[in-house]
């Protein structure tokens, strides 16, 4: 599944969907060529989240775009999603792999050099589909992260691992090319697509930065 880890990665945020419903944003992003979608709705109840995940999986299926679930391995299983994105305080990735199986897409946030050192100490060859440099730039969509790692952080992680590198945090059309140039295999965005008047065109524009 690592060949899917390239291009544009949409991370959802309903309050930032200023011009369209979230489901419409996801469909337009898929038609614009988004490679991966992560459902990340922290304020939803488990029932709401599950219903939305099932709906998004249905929307994305014709486009063959995988759907990942933020944090919740149980809701990934229940919804039939393709995998999970895990933060440093979530379920350990090895447990997620044991539960979800070898074919699931599992990505892990790397917020500090210490995070990477701990990961590779536990397993020198972690079976993860991607590592996410988070955040690259300061971003209002996620306030519980460490200090921004910048382009230097992207370069550093790319040099350290053969696992595909996803860059997330404050990425938009004005800086995407620099992030890709620093070594990101995939750029993850929130407001750059969710808040766009035309999410399809926004997705195409970001894809064209590669």
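Each residue, glycine too, has its Cβ placed from N, Cα and C.
Straight from Swiss-Prot, the features:
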- 38, 39, 40, 41, 42, 70, 109, 142: 4-amino-2-methyl-5-(diphosphooxymethyl)pyrimidine binding site (BINDING)
- 71, 90: Mg(2+) binding site (BINDING)
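Taking the features listed in Swiss-Prot, we show where each one sits on the structure.
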{"residue": "38", "record": "4-amino-2-methyl-5-(diphosphooxymethyl)pyrimidine binding site", "CB count, 10 Å": "24"}
{"residue": "39", "record": "4-amino-2-methyl-5-(diphosphooxymethyl)pyrimidine binding site", "CB count, 10 Å": "26"}
{"residue": "40", "record": "4-amino-2-methyl-5-(diphosphooxymethyl)pyrimidine binding site", "CB count, 10 Å": "21"}
{"residue": "41", "record": "4-amino-2-methyl-5-(diphosphooxymethyl)pyrimidine binding site", "CB count, 10 Å": "17"}
{"residue": "42", "record": "4-amino-2-methyl-5-(diphosphooxymethyl)pyrimidine binding site", "CB count, 10 Å": "9"}
{"residue": "70", "record": "4-amino-2-methyl-5-(diphosphooxymethyl)pyrimidine binding site", "CB count, 10 Å": "20"}
{"residue": "71", "record": "Mg(2+) binding site", "CB count, 10 Å": "17"}
{"residue": "90", "record": "Mg(2+) binding site", "CB count, 10 Å": "17"}
{"residue": "109", "record": "4-amino-2-methyl-5-(diphosphooxymethyl)pyrimidine binding site", "CB count, 10 Å": "22"}
Checklist entry - So, in DSSP terms, is residue 109 (4-amino-2-methyl-5-(diphosphooxymethyl)pyrimidine binding site) helix, strand, or coil? => result strand
Checklist entry - What's the CA to CA span in angstrom from residue 40 (4-amino-2-methyl-5-(diphosphooxymethyl)pyrimidine binding site) over to residue 90 (Mg(2+) binding site)? => result 14
Checklist entry - About how far apart, in whole Å, are the alpha carbons (Cα) of residue 41 (4-amino-2-methyl-5-(diphosphooxymethyl)pyrimidine binding site) and residue 71 (Mg(2+) binding site)? => result 10
Item to check | residue 71 (Mg(2+) binding site) versus residue 38 (4-amino-2-methyl-5-(diphosphooxymethyl)pyrimidine binding site) - Cα distance in angstrom | outcome: 10
Item to check | Three-state secondary structure, residue 71 (Mg(2+) binding site) (per DSSP) | outcome: coil
Item to check | residue 39 (4-amino-2-methyl-5-(diphosphooxymethyl)pyrimidine binding site) versus residue 90 (Mg(2+) binding site) - Cα distance in angstrom | outcome: 15
